[in-house]
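Asker: Shown below is the structure under consideration.
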Amino acid sequence: MSTSATNGTHYEQLHQGRTKMYKSKVDVVLGAQWGDEGKGKVVDMLASDVDIVCRCQGGNNAGHTVVANGTEFDFHLLPSGVVNEKCVSVIGNGVVIHLPSLFDEVLKNEAKGLQHLENRLIISDRAHLVFDFHQHVDGMQEAEKGGKSLGNGVVIHLPSLFDEVLKNEAKGLQHLENRLIISDRAHLVFDFHQHVDGMQEAEKGGKSLGTTKKGIGPAYSSKATRNGIRVGELLGDFNLFSEKFKSIVATHVRLFPSINVDVEAELARYKDYADKVRPYVKDTICFLHTALRNGKTILVEGANAAMLDIDFGTYPYVTSSNCSIGGVLTGLGLPPQTIGEVIGVVKAYTTRVGDGPFPTEQLNDIGDLLQTRGFEIGVTTKRKRRCGWLDIPLLKYTSLVNGYTCICVTKLDILDTLPEIKVAVAYKKPNGEKLDHFPGTIAELGSIEVEYAVLPGWQTSTEDVRNFKELPENAQSYVRFLESELSVPVRWVGVGKGRESIINVH
């Protein structure tokens, strides 16, 4: 056999080995609008059949509500999959973690019945920490901007995580210690990150981006400028951790002289947190790749949503991380070929929290009705959400970026009382010319006119329907219209709060 033939065979063998090295795929659930689409409920439904559920980006600035066995759990850092005692939950390296918030979240959910997280929660050693001063600066920056709010942002605030766990354990969530995993590469959010977060917002004076003041932006800023502190460093030589902590505090004090950080008290607190978080931490990259090679099923729960992505959202009214499909890869250390289904979650109308452009917003009785019937209050911010009609150009854009393989439409029942329903089908320039792309700047988006299609309502309750064919004909037509416009199949339709209210269309 010639050398070239031998080399060709060797290449083919290696190539086939690389393409077939994984026995399973990673399915991803992403918000297709500005958040609050109901991703947590979809993840809760799908998590009953998977081995591992992951968070890959953001921090405790995003909120999910999951109803399980009649108990309502609120999650901010914890993946929604923790309610399933049979699966492991992973907080990946792309998350920023405020440890006080993490522990607070654990405690609150333990009080709701969530148990044994130490056996089923894994935190990446590469995740960055959010400190309290990050949160203080966050508020300062927001205040500086003056009024306008940017919305929302995984980095881990450990106190918040454990508080969330405790609260949900009290509601019945059990055995988390066996099924929650946090990446050892996830960054930590410290209390000072949160302090800084508020300061930065305040200093901006006029325009406000609507930070949740959880320190997410400042923590990602620390990460990007390479002076952030990761979970793994907290668990290593504490003297080295102390030196880095003092250095990062000094940097923030120089930038924001009004922040006050009791360094020694914080170090004592984090020495205690190190012992508390240690059982959860490991190399999540190795863990996930081993799981895929062994055929384990993995589900990724996206935080925030596509239109809040720092690159593809309505910048600057966005969060500080990539919450589109790319963030899944970088936030968990996965290659593209591991991605399977990409599920876009679409609310049957559109909402957003805080300021920023919103082409289909209804500042009228329709908006009030959607807000009231949909109980559109932010889980994290407690602010009323702005409401408007479904926006097809926006959804086409986020589908383009994320490559949805199917869609779940949620909260269809909120439209039950309307005699007619509008859907945005095109954007027009002021001269009447239709746009063939989604505007890339706030100025351009603010100048567009919206063209609507008017569809008949059904004025019948859908809350108790559990079969797609039993939905009112006009409700079915509404779903099919969305499917046709996006050229993406609708796989599920939600008509209520619990997982049992999600209808399998096919």
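If you go along the chain as it appears here, the first residue is 1 and each next one adds 1.
Using N, Cα and C of the backbone, Cβ positions are placed for all residues, glycine too.
Take a look at what Swiss-Prot says about it:
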type	residues	note
BINDING	35-41, 63-65, Arg385, 411-413, 494-496	GTP binding site
BINDING	Asp36, Gly63	Mg(2+) binding site
BINDING	Asp36, Glu37, Gly38, Lys39, Asn61, Ala62, Gly63, His64, Thr212, Arg226, Asn304, Thr319, Arg383	IMP binding site
ACT_SITE	Asp36	active site, proton acceptor
ACT_SITE	His64	active site, proton donor
BINDING	Val379, Thr380, Thr381, Lys382, Arg383, Lys384, Arg385	substrate binding site
Asker: Give the three-state DSSP assignment (helix, strand or coil) for Asn61 (IMP binding site).
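Answerer: DSSP assigns Asn61 (IMP binding site) to coil.
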Asker: Given the recorded positions Lys41, His64, Lys382, Arg383, Arg385, and counting only Cβ atoms in the protein chains shown, which has the most within 10 Å of its Cβ?
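Answerer: When each Cβ's neighbours within 10 Å are tallied, Lys41 tops the list.
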Asker: On the three-state reduction of DSSP, what should I expect for Arg385 (substrate binding site)?
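Answerer: The three-state answer is coil.
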Asker: Other than its own, how many Cβ atoms are within 10 Å of the Cβ belonging to Gly35 (GTP binding site)?
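Answerer: A count of 29.
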Asker: How many other Cβ atoms sit within 10 Å of the Cβ of Lys384 (substrate binding site)?
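Answerer: Counting Cβ neighbours of Lys384 (substrate binding site) within 10 Å gives 15.
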Asker: Sort Leu412 (GTP binding site) into helix, strand or coil using the DSSP assignment.
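Answerer: SS state of Leu412 (GTP binding site) = helix.
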Asker: If we count other C-beta atoms within 10 Å, could you say which of the binding-site residues Asn61, Thr65, Asn304 has the fewest?
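Answerer: Comparing Cβ neighbours within 10 Å for the binding-site residues Asn61, Thr65, Asn304, Thr65 has the fewest.
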Asker: Can you figure out which of Asp36, His64, Val495 (the recorded positions) comes closest in space to Lys384 (substrate binding site), comparing Cα atoms?
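Answerer: For Lys384 (substrate binding site), the closest Cα among Asp36, His64, Val495 is found at Asp36.
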Asker: Using only C-alpha positions, which one of Asn61, Gly63, His64, Arg385 is spatially nearest Gly38 (GTP binding site)? These are the recorded positions in the record.
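Answerer: Going through Asn61, Gly63, His64, Arg385 one by one, the closest to Gly38 (GTP binding site) is His64.
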Asker: Of the binding-site residues listed here (Asp36, Lys382, Arg385), which is spatially closest to Val495 (GTP binding site) when Cα positions are compared?
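Answerer: Of all the candidates listed, Asp36 is nearest in space.
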Asker: Given the binding-site residues Asn61, Asn304, Lys382, Arg385, Leu412, which lie within 10 A of Asp36 (Mg(2+) binding site) by CA-CA distance?
Answerer: Asn304, Arg385
Asker: Could you check which of these recorded positions, His64, Asn304, Lys382, Arg385, sit within 10 Å of Lys41 (GTP binding site), going Cα to Cα?
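Answerer: Passing the 10 Å Cα cut: His64.
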Asker: Which residue among the binding-site residues Gly38, Gly63 has the fewest other Cβ atoms within 10 Å of its Cβ, if you could check?
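Answerer: Lowest Cβ count within 10 Å among the binding-site residues (Gly38, Gly63) is Gly63.
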